[in-house]
Amino acid sequence: LGRMKPVIVVHGGAGRIFKEREEGCRAGVVRAALRGYRVLKQGGSAVDAVEEAVRSMEDDPHFNAGCGSVLNEKGEVEMDAIIMDGKNLDSGAVSAVKCIANPIKLARLVMEKTKHMLLTDHGAHLFAQAMGIPEIPGEKLITERSRERWKKNLEPDSNPQEFQKDLGTVGAVAIDSEGNVACATSTGGLSNKLIGRVGDTACIGSGGYADNHSGATSTTGHGESIMKVVLARLILYHMEQGMSPEVAADTALDYMKTRVGGLGGVIVVNKAGDWAARFSTKQMSWATVKDDNLHYGIYAGEKHIKSVDEALASEREGF
């Protein structure tokens, strides 16, 4: 059995990335991709790699996940996350969780330590306690920027939809040397959303899907639209029909746009290790590592390539 070359692809959310945040978003996805790739190079599984990459972005305040999550109507952070293992289709997810730093870690524990796939709100909280996950004050997750935006959206003449474009869900997909694929996605959701709103991220087949028989995908964008077309599973379906990752991604995004007027972005890896990062929004920060080369970008058609060694060196000097 020929060993696979490991591949990781990450996204930091589709939407509109404001100029002053570009560098931070680029650096954040690059760091996440390098961390996930290191896991794969050391013989770690695809599941380990996507969890590590997403954790890196949850801890980075530039992204709408973990620390830096947007606030709901009441001014609180409620987060959703999912992880999936393509080997046996096991998945774990959490929704509307508060006061923990890394929802993706909790999602993985749901997958591995329970017979369930999705725990929500209070139940997820009790499970986190039982698993010894430290609770942190909710304020610790709130950045100045999220609070500012929340206040702006409360003004009578505000249009929260305008701000929704800067979404910033994070995700990762990978294939390891054994040929197993996995996906992980994590988000703070929509700014000023109703309490208890759960979007696509925690929903299997919408926020992500992974199956060794075809590949893995993680999505970002307008959650309600993604759920309507079950975007992640739709992309894999197209690949099962013989499409390349890029064509499958574009076809599914195009369908979502024409059918329900929804915009978004996706990252994909197929079982052969071919990858794609595609989006119908203005921008999506993404990065991928394959064959010891790092590729990354934010704008349509933008693609930088560096060797991993070069990237790690500049990483150490701090971008």
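Yeah, the Cβs are placed from backbone N, Cα and C, and that goes for glycine too.
TrEMBL entries are annotated by machine, without manual review.
For Thr169, the entry in TrEMBL reads active site, nucleophile. Sequence annotations record features per position, and here TrEMBL assigns substrate binding site to Arg197, Val198, Gly199, Asp200, Thr220, Gly221, His222, Gly223.
Features recorded in TrEMBL, as mapped to the structure shown.
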| residue | record | Cβ within 10 Å |
| --- | --- | --- |
| Thr169 | active site, nucleophile | 32 |
| Arg197 | substrate binding site | 17 |
| Val198 | substrate binding site | 21 |
| Gly199 | substrate binding site | 24 |
| Asp200 | substrate binding site | 31 |
| Thr220 | substrate binding site | 32 |
| Gly221 | substrate binding site | 28 |
| His222 | substrate binding site | 24 |
| Gly223 | substrate binding site | 29 |
Maximal Cα-Cα distance (Å) across residues annotated as binding substrate, namely Arg197, Val198, Gly199, Asp200, Thr220, Gly221, His222, Gly223: 16
Rounded Cα-Cα span from Thr169 (active site, nucleophile) to Arg197 (substrate binding site), Å: 15
Candidates Val198, Gly221, His222 (binding-site residues) - the one closest to Thr169 (active site, nucleophile) by CA: Gly221
